[in-house]
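Working notes, structure below.
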Amino acid sequence: MTATLVTIEGDIRDYAWGTPGGISRVLGRPAPDAPEAELWLGAHPSAPSRAVTGAAGWTDLAEWERSGAGRVPYLLKVLSAVSPLSLQAHPTPEQALEGFARENAEGIPIDARERNYKDPYSKPELIVALEDGFEALCGFRPVDETIAEVDALSAAATDAGLDEAPFARWRALLAGDDGIRAAFVWLLDGGADVEALIASVTQIAAQHPDRFELPGRLAAGYPGDPGVAAALMLNHVTLAAGESLWLPAGNVHAYLRGTGMELMGPSDNVLRGGLTPKHVDTGELGRVLDFTGGEPPHLAPVPVADSVVSYRPRSLASGADVAFELLDVSADARIETGSPAIGIVVEGEFRITGPEGTRSLERGESVFVTDAATLEVRGAGRLFIATA
């Protein structure tokens with residue numbers, strides 16, 4: 001099949017955590033006052049991208065997939081957060097397939113609030129900061145770092161005349177066998193001792209806002225939520241523009257604030273553990289989590305040409321390449337795609353030529369390439385291309 005180029009557009013999702021006008025500013029459009037959380041570009045049936053010009057016999061990418069023409073093996077998003085997203089993780093392909101079948105067998109409607117698995121696919125993801133200051137929680141810290149944080153909180157509790165027992169319990173769990181799992185599950189399961197712990201952490205954060213800024217901020221948005229303490233068990237990172245994180249299946253994470261370009265598996269399966277008014281299923285979340293402590297999962301960009309850098313993740317478990325890649329193009333280049341591709345311009349203007357035709361894109365415009373192809377790119381600015 002010869003690749004054709006189709007200009008496309010997607011809807012902006014208005015989730016409450018979105019930045020007012022955040023997506024529009026990236027796209028060079030007038031910015032509204034309403035929250036703008038995510039722009040989706042892909043074929044996911046929840047919000048498939050629509051064809052604008054160049055399509056033959058289909059109106060959106062979900063319809064293109066149903067026609068048998070091919071599959072878009074990823075979902076590309078522009079994300080902008082002014083407040084924290086939920087504490088969450090995503091399943092492996094096997095877990096997604098099993099969970100989707102299980103919930104179907106249980107008769108849970110796809111759009112039900114308590115539904116965990118909305119499709120049978122996994123959702124590993126990478127995010128590239130589009131501006132300085134993108135902030136996230138990602139993966140468990142080494143256990144000794146968390147113990148040191150608990151000790152600091154316990155000392156502050158003593159100084160404030162608060163009960164130290166919940167902190168001693170937290171520390172004991174961390175120091176025991178499989179300490180990260182035991183402590184994290186204990187926190188998310190709640191109970192009277194955890195409620196007392198969260199109340200104390202919230203009071204300590206108010207008394208020491210510089211030292212314990214993060215739990216104070218989280219408590220202000222989600223008072224009493226176990227995620228206020230659970231967040232202290234995670235790596236807390238702030239990215240500069242162009243820096244990236246790779247979040248494979250099982251990685252617990254939460255974006256806190258900032259704007260980025262996100263590439264992920266074509267799925268909407270999210271297992272939540274806190275910091276959200278949405279459905280929380282701590283049991284299912286615990287089943288899919290990787291409880292290994294370690295360093296933040298930074299993903300280094302790799303130059304592949306004078307004007308192109310590649311963000312291509314590798315499976316942290318097996319070392320095998322994950323089947324998608326995000327290219328960041330700044331000037332003229334020749335691009336080889338291994339699958340259908342999606343491009344979006346966030347700065348400047350570009351002209352893209354494929355086997356059948358040329359599309360000129362201004363800032364904020366997007367294109368879909370229907371098959372693997374060699375693309376000649378001309379222009380200057382910033383063009384992101386997703387491929388597999």
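Just so it is clear, glycine is given a Cβ too, placed from its N, Cα and C backbone atoms.
Together with Gln88, His90, Glu125, TrEMBL lists one candidate of His253, His279, His298 for binding Zn(2+), that being His253. The candidate set comprises the recorded positions His90, His253, Arg272. Of these, His90 has the most other Cβ atoms within 10 Å.
Cβ atoms within 8 Å of the centroid of the Cβ atoms of Gln88, His90, Glu125, His253 (the Zn(2+) site) belong to the same-chain residues Ala89, Lys123, Leu247, Asn251, Val252, Val270, site residues excluded. For Gln88 (Zn(2+) binding site), the count of additional Cβ atoms within 10 Å of its Cβ stands at 23 [all protein chains shown].
The Cβ of Glu125 (Zn(2+) binding site) lies under 8 Å from the Cβ of His90, Leu247, Glu262, Leu263, Met264, Gly265, each of which sits 6+ residues away along the same chain.
Broken down with DSSP, the domain 'Phosphomannose isomerase type I catalytic' (8-143) shows 26 helix, 40 strand, 70 coil. Model confidence over the domain 'Phosphomannose isomerase type I catalytic' (8-143) stands at 96, taken as the mean pLDDT rounded to a whole number.
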